[in-house]
Amino acid sequence: MQNLYIKTYGCQMNEYDSERMADTLAVSHGLRLVDDPVLADVLLLNTCSIREKAEDKVFTQLGFWRPFKERRPEVVIGVGGCVASQEGERLRRRAPYVDLVFGPQTLHRLPDLLDACLAERRPQVDIAFPMLEKFDHLPQRPGRDGATAFVTIQEGCDKFCTFCVVPHTRGREYSRSMPDILREVRALVEQGVREITLLGQNVNAYRGATGLVGEGGLADLLERLARIPGLLRLRYTTSHPANLDDELIAAHGSIGILAPHLHLPVQSGSDRILRRMHRKHTVGQYLDKVDRLRAARPGIQISSDFIVGFPGETDADFAATMELIDAVRFDQSFSFKYSQRPNTPALKLKDSVPEAVKEDRLAVLQGRINGLAQGYAQALVGTQQAVLITGPSRRDAQELTGKTACNRAVNLAGSMDWVGQMLDVEITAALPNSLRGRAALVAPTSQRLAV
């Protein structure tokens, strides 16, 4: 048994979890990550249950893998993540060729589950919620060759929005200890990482491992991270408006390396719908926090998530959402049609919105958001932006790509020696999904990627 293949669905936290699965099995079993599932001895599917038909997507993928198992019975197939947590034994009954089923909070038990599967010759299922165990058993991350990295600092959510499965699949809010986070980030920076994105389902609810008053929240953590030599940029996602406190707003003005971009999901511009969603904030409270963010950090860009067609959403409710979009002028937001998710309170709500109406509203909303985003991109043409070069462009391996502070992708000509540097880049063109630029100044050697 030598090769491991992992396919990941969903958010950045799942990407982080997949990295840790690979790290864990590399240490415990010497498994090497490969890009081709045909070569794998162990295939893992890390799943997401946020959107409609998530379960169907999982079983379709497992169907693609089933022939590997039929040709080589010794191949191990595992399913992790939120669909695994949600389905448990039902997943095994529908796909009996699956050997491992594990939840987001038990990925650290993968070595034991794999050993038991091989020794006992029978499937293993573990979808418990031992939050403390997961953070206490994260392996040391091996050397990296990239300029950016994700670091999970918080998991779960206590907000219980009526449309959301997260509390049922990831559990209640739990924060990682600050010393552990600082150690991991220092190690990553020593390996050459220059930008860190802190992750959590409700990341600004971070309160340290004990949750005691005075231990330090997200603002305190950001201040400590900003002192690490060599770290050039910080981000965090995803935030809940109810937990965006005064200290965190002030941090956007005082911490220079904190990116002037915040993803702050609002979901709807109607107070009536926000109440039905159990969002724990009003439109007015949201606007007040946006105003204070922009006062603390002029030029900060705000992106959001929107759900259209939530049960009971009227034309007036949708119009209120469009008014909010115009008022805030969101940048690069995500929007979705409401879909029923298992075990959520919204399943009991009546007054469902017809599918055709959902589609029409989504098209209108996305058109407005895309127009605002393109207008902002066009306004960057002719300006100089600090761009962290992250590697070769996916479209053209002879070019480089990087990110602006406001999270815009920029492609430019240059040398691979620039990877890991923060460059001043003149923006020369705005394309639908990216910017083009020209390097104006190469950063000093001290800012280059360690190799």
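Cβ from N, Cα, C; glycine included.
Note that the coordinates shown come from a computational prediction; the quantities given were computed from them, not determined experimentally.
Swiss-Prot lists 2-119 with the feature domain 'MTTase N-terminal', giving sequence analysis as the kind of evidence.
Long-range Cβ proximity for C82 ([4Fe-4S] cluster 1 binding site), meaning a same-chain Cβ under 8 A and a gap of 6 or more residues, is found for G10, T47, C48, S49, I50, A54, G103, P104, V165, V166, T169, R170. Look at Swiss-Prot and you will find C11, C48, C82 tagged as [4Fe-4S] cluster 1 binding site.
The domain 'Radical SAM core' annotation in Swiss-Prot covers 143-377.
What Swiss-Prot records for C157, C161, C164 is [4Fe-4S] cluster 2 binding site. In sequence order, I50, C157, R341, T344 are the residues near C164 ([4Fe-4S] cluster 2 binding site), counting only same-chain partners six or more apart with C-beta under 8 A.
Feature annotation from Swiss-Prot assigns domain 'TRAM' to 378-441.
Apart from C157, C161, C164, the [4Fe-4S] cluster 2 site neighbourhood in this chain, defined by C-beta within 8 angstroms of the site C-beta centre, holds K159, F160, F163, V165, V166, P167, Q201. Distance noted between the C-alpha atoms of C11 ([4Fe-4S] cluster 1 binding site) and C161 ([4Fe-4S] cluster 2 binding site) is 18 Å. Non-local neighbourhood of C161 ([4Fe-4S] cluster 2 binding site): Q267, M277, H278, R279, each in the same chain, at least six residues away, with C-beta under 8 Å from its C-beta. Those same-chain residues not listed among C11, C48, C82 yet with C-beta within 8 angstroms of the centroid of the [4Fe-4S] cluster 1 site C-beta atoms are Y9, G10, M13, N14, T47, S49, I50, G81, T169. When the domain 'TRAM' (378-441) is classified with DSSP, helix, strand and coil residues number 6 helix, 33 strand, 25 coil. Under the DSSP three-state reduction, C48 ([4Fe-4S] cluster 1 binding site) is assigned to coil, being neither helix nor strand.
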